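**Q** Feature table excerpt (TrEMBL):
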TRANSMEM  B:94-112  transmembrane segment
TRANSMEM  B:132-154  transmembrane segment
TRANSMEM  B:174-194  transmembrane segment
TRANSMEM  B:200-219  transmembrane segment
TRANSMEM  B:258-279  transmembrane segment
TRANSMEM  B:320-340  transmembrane segment
TRANSMEM  B:352-374  transmembrane segment
TRANSMEM  B:380-400  transmembrane segment
TRANSMEM  B:407-428  transmembrane segment
TRANSMEM  B:448-471  transmembrane segment
DOMAIN    B:520-624  domain 'STAS'
C-alpha cells in the first residue's frame, strides 16, 4: 500500500533482477546432496577413523616397523610420553603421586566399606585399574580408583541379590562378576564407537544425580556415626570435613603452597585416630575397629566370576548401569581437566581403556574403578604432569599393602565414615544447580528429577527419570517449534525477529516468517502450519478486517530448516493451497541443500514456481514489492 | 594471507564500524525473552483459545442472545449453514447423499461381517454416528460410518478376549464397551487439546499401516472366497474390483458424468447376486447366504456396556488404540479434502465431534465409526456441498432398515467379501510408498516398518513399530546434526554452504561454520564440538601442515540455533578454550533471542567479549580481516 516509489532506474532494476535470477538458479541447480547410503558410509567412516584418512596416508609412507610403532602408540598413549620425559617432570609427578596416594589409601578403604567389601578390596582397586589406565588412557590428570557413587551403586544393586552380611562370599563373587560385565560393556561401547550413549546423561542430570547419591551416602554414614557419638574424634571429623570441603570447592583458587594440607588431612586423621584408639584401647569400650586387613598384593579372582546361576540377568543389568554411570563420571572428569590444559580426549578411546582396566580388575579382586573427581582435583593442584603420578600412587599403595596393613588394625570404622562424608560435599553442587535453574528451566527439571529419584526411590529410578526427562526435552522441542516474524533493521538489508529487535520495521503487505526448527516433520508440521495461518489472520485483523488482502505475500525464511520429511512437504503443499485461496503469494527463502532437493523430488518447486524461491529475504521482499508495482 | 588491500578510506571504515558496533548492541541488549512460565501460559492460552482473543473481544460487543448463538454455532457448525442454504445446494446434496447411500449400505454390511458382527450392526453404525457428526463436525465432505481398518482392529483385538463364534453376546457387549471408551478417549483428546497426539502417526506410517491392514483383510476375505470358488459371481467381483479401483484411484480425474457408475456398482452387484441366488436357489447347493437381518431402527445398547469384570483393562486399551487409529484416518481424510476446497478444519473440534458420535453410537448398538476414505471420495465427486449429504444418506439407510432388510435374505456372503475386497486397493498406495522412498529414506523405513509389523505380527505391533521408528527419527536427527562450512557467493554479501554452492569462495584465514540444529543440547553438543574441531584441523592440513596458525578466526553462524541448554553452553566454553590454546579467535554470528539471553546468564558473552558477537557473517568476516590488518 504505502510503498515509497523506488529511486532506481529501470536498467539498474533489470541488472539487479538478472543477478537475482542467476542466484536463484544456483540454489535450484545445486548438485544432489549425498543420499542416505553415502551419508551412512561417511558416518561409519567418521566413526571408525575419527581423525580422517590421516592414519591410512601415513601408513603408506612409512616402513612396517614405524607403522607398528604408531599403531602401538595409538593403543598405548604412554609410549608417546618417553620421548620428552625429563627428570623435572618426574619430580612433579612423584610429588603429585605421593599426595594422591595419601588421599587414595584412606578413601579406598572407606569406599570399600561403602560397597560392603573388606577394606583390602578398596586398596586392590587402587592398584590394577590405575596401572592399566596409565598405559592405555589419554587423560593426564585423572585419578583412577574406587569412587563413592559407584560404591553406593554396587552395594545397593547387589544387596537385592545377596545380602553381604549373610553370605559375604557369594556377594564378593557377584561384585567381581558385575565388574567384569561393566568392563565388557565399557570396552564394547568404545570399540563400537557408541560414545554418544554417555551423552544421554546430560550435565544437568549428572549434577542432580550426584547430589542425590551424595545425600543418600551421607545419610547411611551419619547413621553409623551417630551410633558412636561419644567417640572422641568428632572434632577431627569436622576439621576434615571443613578442610576437604575447601580443597574441593576451590581447586586452584587457594594458596598453591598449601594444596597438600587438605589432601593429606584424611591420612593424618586416620593415623591420629588409630594411634588414639591404640593408646586408649577404645575398642574395648565399644568403638568398632577395622581389625585384620589382609596384606599382600591382589590375589586372582578369575575363578570367582559367576556366569551361570539365577542371578545372571540381574548381574548383567547391574553391570550395564554401573558401566554407564562410571563412564559418565570418568569422561566428565577427564574432559573438564583436559579442557583446562587445552588438549583433546577421545571419548571412545577412553571407554576402551576403562573397559580393559575393569576387566583386568575383575580378574584381580578389584571392584569397578573409575575417575574420581576429588582425587583428580588434588592430583591436578599437586602439579602432576603425566599419568606417571598414577603409577607413583600405585607403587605407594602396593608398598602399603605389602608392609603397613597391620598398622591399620586399630583404625576406628567411624573414621572411614568421616572420610566418606568428607568427600561428599564435593558431589553436591548447589551453585551449579542454581546456575542451571537460572539458565534453563527444563534442564533444571531433569536435574531435580534425578535428584529426587535417587533420594526417594532408588539410584536406578533416578537415572531412568533423568534420561527420560532429557529425551522428553528433545521431543518437546521438536513438537513445538517457534516461528519468528521478521522485520528489516533500519538502514540495513538485515531481517530480524521483531520481538527481539524492537527497532525492526515490518514491510507493509509482506509477512516474513522464519521457522525455528531444523526438521519440519510429522510431529511439528501441522503445528507450524497452524501458527503461520494464525499469523496471517492476525496480520489481517491488525490492518483492519474489512480491507481484504492487505497481506499480499508470505515469505517463508527456511534458513533454519536443514531437513524435511514427507509429512512436512504435505503441509507446505496444504499451506500453499490455503494461501492461494485467500490471494496470498508464497515465497521461500534459502531452503537448505536437502530441503531443496526433496522439494524438487516432490514437485513442490514446480507447484509454487521457481520464481518464488530466493536466496535472501531482501531479494524476496524486493521481488514481491516489484510484482505489486507491476500488478497495480 | 592473500587478503587484497581494501580500497575504503579510514573514515568510511570508522563509520561502518560504528554502525556495526551499534547493531551488535541491539543484539546484546534486546529485551529478555519470555521465560518458561510466560511461555507455558501463552501455550495454554493458544491451546484453549486457538483463534486468539477474537472470541472474548466479540463477546464484549454483543448482547447475551447473540453471544449464546455464536457459542452454539461454535459447538454445532451446522447452525451456520442455514443462512445460505438454498434449493440448488440441497439438490446437489441429495444426489450425493443417495450415491453415498448406495455405496454405504453394502459396505456397512460387509464391514460388520469383517468385525464379526451381524449385518444390521453395520447399518446401525451408518445411522447414529453420521447424524451426530452432521451437527457437530466441521468437515463438509467426510462420509462417516464403519471402515475396513477399524473393523479389522475390532475383531482382531477383541477376539483375544472372547471368541465371537462361541459367545457372540459377550463379544457384542465388549464391542459396544470398546466403542464407548474409544469415544471417551477421542472426546477427551479434543477437550484437552491433545490433537498433536494424532501427529505421531506420521503420513508415512499411515501409508504403511493402511497397506498392511488392507493385505491382512484381503487374505482373510480371499480365504472365504476361495472356499466357494465355483460360485458364478466371480467375474462380477473382478468387474467391481476394477471399477472401484478406478473410482478411488482417480477421484475427479475421470469423466464427471459417470462418477456414479463405480459408486453404485457394489449395490448393483448385491442386487444382481441376490436375485441370482433367489432364482437358482444356489443356497441349497452350498452358497452361504446372509439369511435373517433384523429390521427396524437402532435398539438401545446402554444396558450392554460392561464396566466391570476381568476384561476391563484390555477393553480400555483396545478403546485407546482404536480411538487413535480412527482419529488418524478421519483427520487425514478430512484435512485432505478440506485443503482441496481451501477451508480449515480444527483438529481438536473434530476430535470432540468424533468422540461424541462414538459415545452416542455405543449407546445405540453401533460400533466405532470414523471417516471413510473411499466413501468420502465418492461423496466429493458426487458433488456434495454440505454435511446434508450425510443426513440424506442416514435417511436412506433408515428406510432400508425399516423396509428392505427382508430383501437381503438371499444375499450371498461371498458378495460381502467381494465388496470388502473392492475397497482394499484404495488403501494400498504403492505410488505414495514409492514417492516416500524417493523423498525420504527414513520415512520409508517407518512406512515399511508399519507395513511389515501389521502383516507379520499384529495391528498393534505395526502401530507401535511405526510410532517408535518415527520418534527414533526425531532423536537421531537431534543427536547427529550436520555442520556447514560457509563461503561467500561471488559479487554478493551472501554466505552459503560451500558444498551446495560450488561457486562459493572461502575467505582465507577465516573458517565460517553454521551449526545445523535448532537445539544445541546434551545429546549433540559434544558431537558438534568434535565436528568443528575436525574442520579446524582439516583446514590446517589443507593449508600445509607446517605453516602454523593459517586459520586465525572461527566464525560460528548461530542463526539456526533457536535454543541451547547448559550442556550446550559448557561445550561452547570448552570450544572457546581449545581455540584459544591454538591461537584461533572465536566469533559468533546472530545468536537467537533465547540463546543470547542464556549466554549472557552463563557469562559466556563476557568470556569471549561483546566485540566478538556480530549480526551477520559479513560483518564478522570484515572485523576479523581488519583485526588482522591491525595486528600485522
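All positions are counted from 1 along the displayed chain.
Cβ coordinates come from backbone N, Cα and C, glycine included.
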**Q** Check the transmembrane segment (B:320-340) against the transmembrane segment (B:407-428) for contact, please; criterion is three or more CB pairs under 8 Å, pairs 6 or more apart in sequence.
**A** no
**Q** Taking B:352-374, B:380-400, B:448-471 as candidates, which has the most Cβ pairs under 8 Å with the transmembrane segment (B:407-428)?
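**A** Result: B:352-374.
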**Q** Just give the helix, strand and coil counts over the domain 'STAS' (B:520-624), going by DSSP.
**A** 59 helix, 15 strand, 31 coil
**Q** Could you name the stretch, out of B:200-219, B:352-374, B:448-471, with the greatest number of CB pairs under 8 A to the transmembrane segment (B:174-194)?
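**A** Of the candidates B:200-219, B:352-374, B:448-471, B:352-374 scores highest.
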**Q** Are there residues at least six beyond either end of the transmembrane segment (B:380-400) with Cβ under 8 Å to its Cβ atoms? List them, or say none.
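**A** Sequence-distant neighbours of the transmembrane segment (B:380-400): 78, 81, 85, 89-90, 92-101, 104-105, 108, 123, 126-127, 130-131, 133-134, 137, 139-144, 247, 251-252, 256, 259-260, 263, 297, 337, 340.
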**Q** Which listed stretch (B:94-112, B:132-154, B:200-219, B:448-471) has the most C-beta pairs under 8 A with the transmembrane segment (B:352-374)?
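**A** Of the candidates B:94-112, B:132-154, B:200-219, B:448-471, B:132-154 scores highest.
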**Q** Take the domain 'STAS' (B:520-624) and average the pLDDT across it for me.
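**A** Residues in the domain 'STAS' (B:520-624) carry a mean pLDDT of 85 in this prediction.
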**Q** May I ask for the residues of the chain that lie six or more residues beyond the transmembrane segment (B:132-154) and have a Cβ under 8 Å from a Cβ within it?
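**A** Contacts of the transmembrane segment (B:132-154) (Cβ under 8 Å, skipping residues fewer than 6 from its ends): 75-78, 100, 104, 107-108, 111-112, 114-115, 122, 125-126, 175, 178, 209-210, 213-214, 216-217, 318, 321-322, 325-326, 329-330, 333-334, 337-338, 341, 343, 345-346, 349-350, 352-354, 356-357, 360-361, 367-373, 375-376, 378-380, 384-388, 390-391, 393-394, 420, 423-424, 427, 459.
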**Q** With a Cβ cut-off under 8 Å, give me the same-chain residues at least six positions beyond the ends of the transmembrane segment (B:448-471) that come close to it.
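**A** Hits for the transmembrane segment (B:448-471): 152-153, 156-157, 200-202, 204-206, 208-209, 211-213, 215-216, 321, 324-325, 433.
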